[in-house]
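> Dumping the structure here so I can ask a few things about it.
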Amino acid sequence: MLIAGPTASGKSALALRLAQMHGGVVINTDSMQMYRDLRIITARPTPEEEALVPHRLYGTVDAAVNFSAGAFVEAAAGALAEARASGLLPIFIGGTGLYFKALTRGLSLVPPVPAEIRDAVRLRLDRDGVAALHAELARHDPAAAERLAPADRSRIARALEVVLATGRPLADWHGEASPPLLPPDGVTAVFLAPEREALYARIDARFAAMLRAGALDEVAALAERRLDPLLPAMKAHGVPALIRHLRGEISLDEAAVIGAADTRHYAKRQFTWFRHQLPEFRWVTPEEAGRVVDQEFQGNPSCTTSTASS
């Protein structure tokens, strides 16, 4: 069972209900909820929720780690094998489209980039700026330079690292994929699609609630580690704005406005990405999701605990 959707769409509640009803294990498919440093700001399930049914891959990665899609697939394979061995229904839930695509389409086989090349590229990025790196990328991989936004620091650095390390453009590697862990025709996949304005209001309310729950203290503890700002955990929605507040650059109210706005923009991108990249997912509203999923369970024998290994 795959449950995707934008942030704050009600995925966790649906997954918890299904796991309780059908003997399932909830497997995280959200890149930011992997990080143990970020329980509050990423809206991870609470300890009380995690105690109700088995949860896997939540808070298992240190913020200093640049956790890749390949590492996720490896971890997901272990969680899936454990679920099947225990006779539990695996329920993959999250909002990271690349993770779902890797699960159902396979993963491009990009070789690891040597540390010395990665460090050299990051050093030049900090020293010379993103425009210089974009110009260098245009010489080595014109197609990538044309495709990427000139200010997209992370993706420009990644594309340059790969072409320097392998001699091949990143797009070439993306054309070669490993076999999928979950073939699309063997899973039930839904995308929760709330009404936009209601979703955005929920995002704003949730960000305010996270601040009341201690998100600022959580981010302060992360900032004290002085990690590379390009690491994924350091770019989680709300983290950069709250760090700016902690540095005295903006007020807490301004940080809250920026953090909520960044999250709304991300939700909008999630709608677009899933519509174009994973059209096989069935789009449902949160209100109809329970009924639709129950119908899928009744009509699909693989959606049962007794055949969870199929």
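Quick reminder: no glycine exception, Cβ is built from N, Cα and C everywhere.
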> Of the residue ranges 30-33, 126-129, 194-197, 306-309, which one carries the region 'Interaction with substrate tRNA' annotation in Swiss-Prot?
30-33
> For the ATP site given as G5, P6, T7, A8, S9, G10, K11, S12, which other residues of the same chain have their Cβ within 8 Å of the site's Cβ centre?
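Filtered neighbour residues, in order: G95, L192, P194, P286.
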> What Cα-Cα separation, expressed in whole Å, is found between G10 (ATP binding site) and T96 (site 'Interaction with substrate tRNA')?
15
> Provide, as an integer number of angstrom, the distance between the C-alpha atoms of P6 (ATP binding site) and T96 (site 'Interaction with substrate tRNA').
9
> Pick out which of the recorded positions K11, R118 has the most other Cβ atoms within 10 Å of its own Cβ.
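The residue with the most neighbouring Cβ atoms within 10 Å is K11.
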> Measuring Cα to Cα, how many Å separate K11 (ATP binding site) from R118 (site 'Interaction with substrate tRNA')?
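Between the Cα atoms of K11 (ATP binding site) and R118 (site 'Interaction with substrate tRNA'), the distance comes to 36 Å.
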